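These notes concern the structure reproduced below.
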Amino acid sequence: MAIFSNQMRLSSTLLKRLHQRVAAAVNSSSSRNFTTTEGHRPTIVHKRSLDILHDPWFNKGTAFSFTERDRLHIRGLLPPNVMSFEQQIARFMADLKRLEVQARDGPSDPYVLAKWRILNRLHDRNETLYYKVLMENIEEYAPIVYTPTVGLVCQKYSGLFRRPRGMYFSAEDRGEMMSMVYNWPADQVDMIVVTDGSRILGLGDLGIQGIGIAIGKLDLYVAAAGINPQRVLPVMIDVGTDNENLLKDPLYLGLQDHRLDGEEYIEVIDEFMEAVFTRWPHVIVQFEDFQSKWAFKLLQRYRNNYRMFNDDIQGTAGVAIAGLLGAVRAQGRPMIDFPKMKIVVAGAGSAGIGVLNAARKTMARMLGNTEIAFESARSQFWVVDAKGLITEARENVDPDARPFARKIKEIERQGLSEGATLAEVVREVKPDVLLGLSACGGLFSKEVLEALKHSTSTRPAIFPMSNPTRNAECTPEEAFSILGENIIFASGSPFKDVDLGNGHVGHCNQANNMFLFPGIGLGTLLSGSRIVSDGMLQAAAECLAAYITEEEVLKGIIYPSISRIRDITKEVAAAVVKEAIEEDLAEGYREMDSRELRKLDEAQISEFVENNMWSPDYPTLVYKKD
């Protein structure tokens, strides 16, 4: 009965979220205005003349009115035609479209890099217009400012570098970081994305060039979550690089030393964390693309003391859980059947282990959260790494992967052995889901996909989640051509839907972390939660899973369109705030203290979130002497 009641409790939570998607929001006549943003009051600036035109936070370009041009001493420094926001966007889009026509028949890399350069130049001179363009064209430009193009940008960053963005802390700065943080001009920082460049996407050690991924992530925090761009900070911690090509490159911008390791490495990260939380006690720090060796250790070291999370581990896991729950629905099964799903996972790095741990916890929660439940959940996973199937017979198993090592007697009954190939495991296990987090492009070969034909599921799910595109374990064309149309396909990188003929379309879902991390960050910020708890992450994943309607699920759609990212983020953030309140972690945000926050119902929480999402609009600027 305990197991049944837990199943029903989880199921009812998800059903409630599904019903909320259908039900219209009820507007109470006595509803309060929960916004704590500045609104449309004039903004005081302490710059004039060329200084204001060279400041991307305040520069409006040709949109400055004549009264502002007089006030700010910029009359005559701009062309006389005062252009509207819409006209500026149209001019910028015309430039990009001309580039698209010129590059249509050329190689793809120069094309996307040229687009990135144009967007980056706009970012450097006018942040408001940049984010307006990005928000209004998010489906087209998210792949340019974020994955997959950001991977190419990081590889070429030393050559592309023109103007600094963010902060750089290095091994040479030991003992100085506490004072260095005061070199950043913003007195308030809400969100930091930090990397050490050791494992950028699936591209390996890119050293200091990895800051490109932190910049791209924060662009999405602004565009999707409405974090104020003046309160975000991309950070690179340069502890050296083991990339021999970079060490030999005279144009490389980072330290040309091998990476620090052991206690020396930990001391640098500790000093950084102490410094940023001393200056900005309420900041949220997202760790990004740290190698597996350190990702879990740093997460466990800091998560109970600081407002931080690791997107590669926790964000990827949440997106995968939402997709797996969607796959259960798409297979025509009740949500509580999730613990019965057989899942083969290719990849045992930080992302793979993060997904495994989250899926195991979700299954165990459905089964009653007992020791027996955790053991039962463990038995639903088969993990394959570069050496093959991981079993208890494996020597020197990574401690994080050890809980998922298969027992010898179990696999012998299945006709498998230690080190069995992925194709052999898929053929014998007949899984409901094949999940790829290996960063090994093409790993789901024809042999592997042919083996999946024997799945016991009537609609098997394939998740090649590795980024960037070249690291995807398979393409949708390969999957649909071998397995037919009755599959669920979700990838980490964007792919176009596949024309299957006869008017049928193979839907390509994108299992993109951007569906979750902006909402997790925004919800943590607005709740004032002391930490980012497992419950808050679970609430985010369940909210995303419930966002898709039954009609969409039946068509094989388990993730929403990126064009809806702003609304998705609002709902995810509201779910995170609600969970933080229920766990008694919420301490409030600015004027909304914890007592007022606890009085809000679900509709009011959603309103509170929406009212505190920054939107790109030009404020009236008024000059005041320092």
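The backbone N, Cα and C atoms fix where each Cβ goes, and this holds for glycine too.
When D270, D312 are compared with the divalent metal cation site residues E288, D289 in Swiss-Prot, the one appearing in that site is D312.
A351 (NAD(+) binding site) sits 5 Å from D312 (divalent metal cation binding site), counting Cα to Cα. When the recorded positions Y146, R199, N467 are screened for a C-alpha within 10 angstroms of the C-alpha of E288 (divalent metal cation binding site), the residues that qualify, in sequence order, are R199. For the recorded positions R91, R125, Y146, N467, N512, a Cα-Cα cutoff of 10 angstroms around K217 (active site, proton acceptor) retains Y146. Cβ neighbour count within 10 Å across all protein chains ranks R199 highest among the binding-site residues R91, R199. When the C-alpha distances from R199 ((S)-malate binding site) to the recorded positions R91, Y146, D289 are tabulated, the minimum falls on D289. E288 (divalent metal cation binding site): 28 other CB atoms within 10 A of its CB, across all protein chains.
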